């Protein structure tokens, strides 16, 4: 209740912030101060004095950045921020309240940890590494000056994202606070380097209304349907003894699908709050339609119609996938997929179920990649055959996702192994056999033509996501046009 009340208050505050503290009327200093104080007030209201952890974690990380220097501060900030988060999660889970979510102050700390580590790497890239050594994404996000303490606290603890995120890049946030986002995005939309400063700000009202409608439907679904389809029923002794395999797998699918709307609600509401404040505008499409999905965390339709494990991950918790890609996958010296999944498990918390889910996810990801690289090209020539392939892969993907995330919901080892043993570890064994039979090819640039992940029945979604941020992936090194034009504009301005 505290969370929902605070987020609704943040929504009203965001509208006020955009109306009365617009960048054209107010200095960046005032906007930083107000955003920070409102964020800390919401944290205090929601979590009491546990909110001090947010300030302590941010303050010590900033001190580390100052005293260590740009050469190694990203390593120290990463270890400290993740370690501090882990200690807080251990005390909350194993000392105070195992399996409960009361006073779950570690949720906002997970977002702050992402911001601390992301910014540390971005400063390291911008102030220490040579420009030619950076990837296009790193070059675009690189921060060229040390932020002030106020800017740092505002980025970490602003009222728009302190409770549920989503993660955003430091440069995007500062651009929004200083009022440069609309000019920059206008130049991007026109495909030109020059900027017309007299253009008016686009209104986020329609985007906010649409997202609030999705929030309402998701909350209604969660309150009415989710409670009648508990995931725990998958390990009920009577159900396992009497239900047939098709019935059990069907219930597994619908129970996990019913568990998703609470995430849809929280993440879409957080996105709407940022949009209401004027943050999150990505630009116009060729028809002049505004897109307010710069920091969106999910794409619901692509999630529900995923035809591959990778497609599901690319559209679920998008900003976290980007964070894992930028701080781990792109920088890993060996086994980047395994390292990324391990980091994701550590970041999520200390429940054993998280580790079972992500270790299973490693197997599923590698097996799905092997099947895709070795088989998919046989089924893409004929539209009819491709449709059948999409239907089969959709069913397989939904079954694999549901099978993988059961421990994530059950949390503990015993019920998780009860579920897997009742299924005879079938998908674990199948994944291992796939990896033994099919060679695991590395992704090559020349194979991009075979990487269409949309099913035949959603061609329009494919075209839209190509125009949008379809480059959000932990394993894809292509980047959106937005980033390239933004970088060119900033370089020209400098």
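We count from 1, first residue shown onward.
In case you wondered, yes, glycine gets a Cβ from its N, Cα and C as well.
Note that the structure is a prediction, hence the values are computed from the model and not measured.
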Would you mind telling me which of 391-413, 460-482 TrEMBL tags as transmembrane segment?
391-413
Of the ranges 334-352, 353-371, which one does TrEMBL flag as transmembrane segment?
353-371
For the record in TrEMBL, which of the ranges 9-32, 33-56 is the transmembrane segment one?
33-56
Hey, which bits of the same chain come close to the transmembrane segment (76-95), Cβ under 8 Å, at least six residues off its ends?
53, 56-57, 60-61, 64-65, 68, 103-106, 109-110, 112-113, 116-117, 120-121, 327, 346-347, 349-351
